[in-house]
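Let me begin by presenting the structure, written as structure tokens, before commenting on it.
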Amino acid sequence: MRTLWRFIAGFFKWTWRVLNFVREMVLNLFFIFLVLVGVGIWMQIGNGSNSEQTARGALLLDISGVIVDKPSTNHRLGALGRQLFGASSDRLQENSLFDIVNAIRQAKDDRNITGIVLDLKNFTGADQPSMRYIGKALREFRDSGKPVFAVGENYSQGQYYLASFANKIWLSPQGQVDLHGFATNGLYYKTLLDKLKVSTHVFRVGTYKSAVEPFIRDDMSPAAREADSRWIGELWQNYLHTVSANRQISPQQLFPGAQAIIDGLTSVGGDTAKYALDHKLVDALASSADVEKALTKQFGWSKTENNYRAISYYDYSLKTPADTGGTIAVIFANGAIMDGEETPGNVGGDTTASQIRDARLDPKVKAIVLRVNSPGGSVNASEVIRAELAAARAAGKPVVVSMGGMAASGGYWISTPANYIVASPSTLTGSIGIFGVINTVENSLSSIGVHSDGVSTSPLADISMTKALSPEVQQMMQLSIEYGYKRFITLVADARKRTPEQIDKIAQGHVWTGEDAKANGLVDSLGDFDDAVAKAAELAKLKQWHLDYYQDEPTVLDMVMDSMTGSVRAMLPEAIQAMLPAPLVSAANTVKAEGDKLAAFNDPQNRYAFCLTCANVR
């Protein structure tokens, strides 16, 4: 027995030594890892601070990923994280719209930057107002006498929109300019819910409030189809007008229609590159070697980089503007509006309201610009933000709303207290309506022999997804939705100096482009972020000003954790997608996007001012 106990004691002693060794090894490795991260960040910052062109050359706009108003990670820290952890998915990278525009404007006045090269092969998307704003900066750069060149093996619609602002567009002899138009695509679940015996209870106000249709239909309603066809057609016409004007051709020549394109391709034997050249979509067909030769002639040769002389946007150091004059606070509402604190890619009602409060209480802040790029979301969170913005205005601080790609439904709700609203012609706004959806599974459970029962002190207390909603609960829910809609209408009417009846005619969940919103009196003027800032300065009577962007900079630990998890997110989908046919990959991405939308539904009263179709444009 003593031998047995000695054996057991020895086993546990040996096990403890192994575990202790592993513990110490992990801690030491983690310490070394943190040292390497610190050194890497120091080197990155050091390189960034000396990254201005010391020799004359181009600014290479090699944008990778998507362009958003407010990235979740600083692009320099994000780049370092990808190098350290090997995240390879460009789709995960977010780029700041304002950093890009500021880089172009700084390059315009930088004597060492003699041109811009747009290399957009890894650029995966942005809303039209954002690209229009970048295009404005590119046009300013060109007007200064410096050229802009676009190079690409192929151009997607978004890539080509930006490329059209260049002096010259090169296309690979085997390439294509992929113009096909816009579409909205959503998933509809009625048959699935019926098969699962899920009971869907819908509460809504607004003829065109189609956000609930996926739960109660298998296709679009005629009203939703008519409404979406109108605004998506306007977006496409805006696209054609801008790009054709840049290329100095007619919209008809740019996109003559599906059959005409097929006929044109047939005439050149299916050669998409020749078709693009013949129709003046591009200026020249050239291999990568020929493009390199031309750019070397333009900008010179770098022996150290073994390429034409250029500095990447990601290495180009942005100067911090001097804090002169009064402060204009810039606060972002970027993404779906959720109750509570902010999460990456979403607007937290409490977080945004806190930022507005800080700006209101800061005596140095003379005006507020709220940059809205949101399809809406929680009514409760929207009201929290709106109330704080109204308090800022009541405190004597001018509030100007700058609308980005979307300021719809809840995004418009939070805009109502503004002194002035500026929208882009392609902004999607309006969608003034409210809905709620409650799903119960009593029939699903019953079909497999599971039943729910109990007692309650009133019908209002007996609420569970395992039981059918009582008539009393349904009646209260509908009354709450109707009150919310009346509240929405009243807020808009008071803000726009109209009657509730006048607003109701243009509400009902109707989505409007910025141009239509201006005609309907929902916004004050058409313009961009610069116009909104200028208006804020005018209202605050500032002759000089500087911008203070209210956004939390990620810590080193945030960057480490984000990059580590980002690597996993980047690699797993690619590994899975490699085994799937292309149509299934597209379907999987659509399902993921739908899931992300549903995850944003956390309103405590289950009331939403949300425009689902606004975020579905492809």
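In case you wondered, yes, glycine gets a Cβ from its N, Cα and C as well.
The local packing around Lys209 (active site, proton donor/acceptor), expressed as other Cβ atoms within 10 Å of its Cβ over all shown chains, amounts to 28. The feature active site, proton donor/acceptor is assigned by Swiss-Prot to Lys209.
Look at Swiss-Prot and you will find Ser409 tagged as active site, nucleophile, backed by similarity to another entry. Around Ser409 (active site, nucleophile), taking its Cβ as the centre, 34 other Cβ atoms fall within 10 Å, counting all chains. DSSP assigns Ser409 (active site, nucleophile) to coil in the three-state reduction, outside any helix or strand.
Among the features that Swiss-Prot reports, topological domain 'Cytoplasmic' is placed at 1-24, with the record citing sequence analysis.
For 46-618, the entry in Swiss-Prot reads topological domain 'Periplasmic'.
Taken from Swiss-Prot, the feature transmembrane segment applies to 25-45.
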Item to check | Integer mean pLDDT for the topological domain 'Cytoplasmic' (1-24) | outcome: 58
